[in-house]
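Noted in Swiss-Prot for the protein shown:
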REGION    1-401  region 'Carboxyphosphate synthetic domain'
BINDING   R129, R169, G175, G176, K208, L210, E215, G241, V242, H243, Q284, E298  ATP 1 binding site
DOMAIN    133-327  domain 'ATP-grasp 1'
BINDING   Q284, E298  Mg(2+) 1 binding site
BINDING   Q284, E298  Mn(2+) 1 binding site
BINDING   E298, N300  Mg(2+) 2 binding site
BINDING   E298, N300  Mn(2+) 2 binding site
REGION    402-544  region 'Oligomerization domain'
REGION    545-929  region 'Carbamoyl phosphate synthetic domain'
DOMAIN    671-861  domain 'ATP-grasp 2'
BINDING   R707, K746, I748, E752, G777, V778, H779, S780, Q820, E832  ATP 2 binding site
BINDING   Q820, E832  Mn(2+) 3 binding site
BINDING   Q820, E832  Mg(2+) 3 binding site
BINDING   E832, N834  Mn(2+) 4 binding site
BINDING   E832, N834  Mg(2+) 4 binding site
REGION    930-1072  region 'Allosteric domain'
DOMAIN    930-1072  domain 'MGS-like'
Amino acid sequence: MPKYKDINKVLVIGSGPIIIGQAAEFDYSGTQACKSLKEEGVQVVLVNNNPATIMTDTDIADIVYIENPTVSVVEKIIAKERPEGILATLGGQTGLNLAVKLKEEGILDKYNVKLLGTSFESIKTAEDRELFKRKMQEIGEPVAESVTVTNIEDALKFAKNYGYPLIIRPAYTLGGTGGGIAHNDEELISIVDLGLKKSMVGEVLVEKSLYGWKEIEFEVMRDAADNCITICSMENFDPVGVHTGDSIVVAPTQTLSDYEYQMLRSASIKIIKALKIEGGCNIQFALDPKSHKYYVIEVNPRVSRSSALASKATGYPIAKIAAKIAIGLRLDEIKNPVTGKTTAFFEPALDYVVTKIPRWPFDKFYTTDRKIGTQMKATGEVMAIERSFEASLLKAVRSLEIKAYGLRLNNVKAMKTEEILKGISVPNDMRLFYIAEALRRDIDIDYINEVTKIDKWFLNKLLNIVNMEREVEKSELSEGILKKAKRMGFSDREIATIKGIKEEDVRMLRKQHGIYPSYKMVDTCAAEFESVTQYIYSTYGEEDEVEIHDMPKVIVIGSGPIRIGQGIEFDYCSVKALWALREAGIKSIIINNNPETVSTDFDTGDRLYFEPITLEDVLNIYEKEKPLGVMVMFGGQTAINLTEGLVKNRVKILGTSYESIDISEDREKFSKLLRELNINQPKGDYALTVEDAKDIALKLGFPLLIRPSYVIGGQSMEKVNTLQEIIDYVSNATQVSPGRPILIDKYIDGREVEVDAVSDGECVLIPGIMEHIERAGVHSGDSFSIYPARNLSEREINTIIEYTERISKALNVKGLINIQFAVKEGTVYVLEVNPRASRTVPIMSKATGVPMVKLAVEVALGKKLKELGYKSGLWPQTPYTVVKAPVFSMEKLTDAEVSLGPEMKSTGEIMGIDLSYEGALYKALEGAGLKIPKKGKILLSIAERDFQEVPSLVEKLQSLGYEIYATYRTGKYLSLMGIHVNVISLDNAIKLLKDGYFDAVINTPTKGKKPDNTGFKLRRTAVEYRIPLFTSMDTIKAALNAVAKVNVNGLSILSINEYEEIQKDNVKNLVL
């Protein structure tokens, strides 16, 4: 029983939407914590506004509030629910910052709520740069020379005394937001100015740079009885100066001597004890490669990205144990769930090497600066487990899904040596491949080490890989060479490319020689005790530890790393699928490689293969397990793209067939199907060459929408207005999906509508219709969406239902399908179809109460919807409103274009739910950082094509009492219309934005994309200084309606459980 007898109900704070620096790792840790507390008989109340997470499902916490985690909202929840404790160390920086505010504003004391786990004082000491420095000095732990400043003058004074380079770290921020490395006064002024604005308390730390030192991390655990253990040591491949979230990380540490390891381990334990942290904590060190000198960089007094990595690397469930410690249990009282025999009071032992590689969004942002530094830019990451560093690294590279199957890339191979050397000289997303190419060209390791400061041990391992490439190239693929290459982690595809043969030839040859992977268990104790959980990785040339049982089982293919266009929503679907299979009495197997997610938790499925999602790796597991079949509909485009190869290798696909998937994914075949079904579609044609595209453009007229086949998140999808733009974009898009046609559509300036449905081939259930606020042309993932749809006539709704049924039956869909429509002047057009789970499945499941994934799994296994209690057609709509709002991470990506278009840019989403439409929209806007104050100054800079909409907008703003400023061209147009506003230059507008003069910016781009355009700079400044920015006229109009009509005090604060009850009463009358 927990030590704290008085803690029966706990409020857990979630981390909110997925943004760079705070991703799915907090869904994983939060889910684990909620389950862990419930195991101890504690009632769990959760607040989190991210609908795409597993943790916001009502079967994880007892009571779930999908509300914005603000002080006022959380106070209302505390007043209503009266929890005895609050757990904030599992909600990332969001949770931590909120807990600090609740404590400082006296709310926790007012309601007698105990801050569980790490105390307020410990959080303050670890997060406040000056207090932390003092505490380290007090216990004799070295910290770099630094000063905490609240103004630019003090920063410049420090620079004068200590020289450059300097590292700037704002207090209470995440992912290095607002930080950077300054090499001169100008850079220092710019970074400090921004950092002060980003910090919750308006202070930044300026410290002497330790650039080039080794960065080492320790994950440590402590309980209230002062018992301490280190769970995992991790080494950054990149030296200090690159944010750990943007660095390749290896566990356990590889290049430390035993003396260095013990020195840093002892320091870690000393630090966690001094800070009195109860639970998990991450400590980062800088170690001088030339001596035993080290400095403490920082401490995260909470579960972090590194904790998720350490959990998956060791099998030790950090968040689960941390939650139990928070309610008073000691480490020696908690059972280790992996072995089932030992307690949690032990240090995991690893007999393998783990490598994490970040996944960056540069494929979506062509203009952004690809350099990496102290401010994180990666959206996600992959992890690989193998017996050697070389094999682990190569496995991680092929998990990234960047068309790299080893360290050889054609575009890098084609570069001149001076370009390669330039690429090595600064940290960037491609540096690993540049280094490998430099080694191929016999560039000296000492030189590479001198330039990159990457340890020679790692560089020599890369050289081993390069030498193996040479050996494969020169040899006849003998059994010996193949075995050696496979043991080093080479994929069949990489070997085939080096030899100029087909991948299937290598696979056949390998099988002829009897070379198969063997599978090993992750057991936390280097096989000292038998593992009761099924957490597996592959290797070559070793004994296989995994027994195959003869029971019915199904493989679910996961969605890999989080990236723009394929986020946590697909992990939600994978997890729900695993649970549905278990409920159906079928063993569930998941293949995935993302260390941040719930799907890769050791007990989510019956068996977890932590492997790359490539044809080779999936086929190996399929052949070993011999399941009933494979489910590809939950793993996003990652899984869908494997279908063709799986079917060719006689793998049974459960659910919609490959033929149907191919029809809907291939633009030309799909267009033909719609014509046969007599369904409206935008006028269009397909092109394979630039010449085709030019002819089509001239025939259809502008504006046009270009879409490639088989891509995610609208990658390379563009709205084009001129012939030159079409020539530029077709050249780019052809590279995205080789050999697949590009569809060129006439752009429809209408409302966009979206439907997710479940079909069994005969019966088609539509849980709801979502309507987008922004017109067609803005990617659905970047649109505000409303459920139930508000502006559709009965005739339009009936057409949408009819089209959904016709398409689902024609494609014989067995499972989930997502269809996007445009509606203009009463005509409904079909824009696209995805015969799989979409990113709106989680939110629609939560909004309507229809268990979409569970139904899709049952249908894929052969059941009919009627047997499951559902009928064809539209499910009764809810008497409340749900609004999905996109959330962007633009402030982290220098030089990225922020305006909306057909290519997706958002990293996450939040949900606003309320009994009124205006209330739900207001909550969604606030959660997305677009809250407009009731009064204030608004800046307008509008593109000419939108001028006709400006007068009514300005009149609305003025009637609400806003003071309006406009840039020259917009102001001049308004003046001609007889409307008077304050007119300023763009340059002056940017200066005033930096000074915090404006409360919101409305700017629709003219050209966009070019960082030297003034409009581009205006949008970037608004984003970087966190001023609400609207780049779509539709969004701002909807926002103003919400602001005008909403009574903030009248917003309903109900749990999802209460909304579900309202909907159950609503559906009760439905006769099936």
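From the backbone N, Cα and C atoms, a Cβ is placed for every residue, glycine too.
Model, not experiment: these values are computed from the prediction.
Everything Swiss-Prot records as a feature, shown here on the structure.
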residue	record	CB count, 10 Å
R129	ATP 1 binding site	25
K208	ATP 1 binding site	18
E215	ATP 1 binding site	23
V242	ATP 1 binding site	24
E298	Mg(2+) 1 binding site	16
N300	Mg(2+) 2 binding site	24
R707	ATP 2 binding site	23
I748	ATP 2 binding site	23
E832	Mn(2+) 3 binding site	18
N834	Mn(2+) 4 binding site	21
Cα distance, R129 (ATP 1 binding site) to E832 (Mn(2+) 3 binding site), nearest Å?
51
Among K208, V242, N300, these being the binding-site residues, pick the one whose CA is nearest to that of G777 (ATP 2 binding site).
V242
Cα-Cα separation of N300 (Mg(2+) 2 binding site) and R707 (ATP 2 binding site), in Å?
43
Once the DSSP letters are reduced so that anything not helix or strand counts as coil, what is R129 (ATP 1 binding site)?
helix
Reduced to three DSSP states, the domain 'MGS-like' (930-1072) has 74 helix, 19 strand, 50 coil
Listed binding-site residues are E298, R707, H779, Q820, N834; which of them have CA atoms within 10 A of the CA of R129 (ATP 1 binding site)?
E298
Same-chain residues at least 6 apart in sequence with Cβ under 8 Å of the Cβ of Q820 (ATP 2 binding site), in sequence order, are E752, V753, E754, V755, S780, V830, L831, E832, V833
Taking the residues R707, K746, I748, E752, G777, V778, H779, S780, Q820, E832, which the record names as binding ATP 2, find the longest CA to CA distance and state it in Å to the nearest whole number.
18
Counts by DSSP class (helix H/G/I, strand E/B, coil) across the region 'Oligomerization domain' (402-544):
77 helix, 13 strand, 53 coil
Residues near Q284 (ATP 1 binding site) in space but at least six apart in sequence (CB under 8 A):
E215, I216, E217, T244, V296, I297, E298, V299
Please identify, among the binding-site residues R707, I748, H779, the one with the smallest Cα-Cα distance to K208 (ATP 1 binding site).
H779
Count the Cβ atoms, other than its own, that fall within 10 Å of the Cβ of G777 (ATP 2 binding site), considering every protein chain shown.
21
Smallest Cα-Cα separation from V242 (ATP 1 binding site) among the binding-site residues I748, H779, N834 is shown by H779
Around the Cβ of H779 (ATP 2 binding site), how many other Cβ atoms lie within 10 Å? Please give the count over every shown protein chain.
23
Work out the three-state DSSP category of Q820 (ATP 2 binding site).
strand
Quick check for the class: what is the C-alpha distance, in angstrom and rounded, between H779 (ATP 2 binding site) and N834 (Mn(2+) 4 binding site)?
14
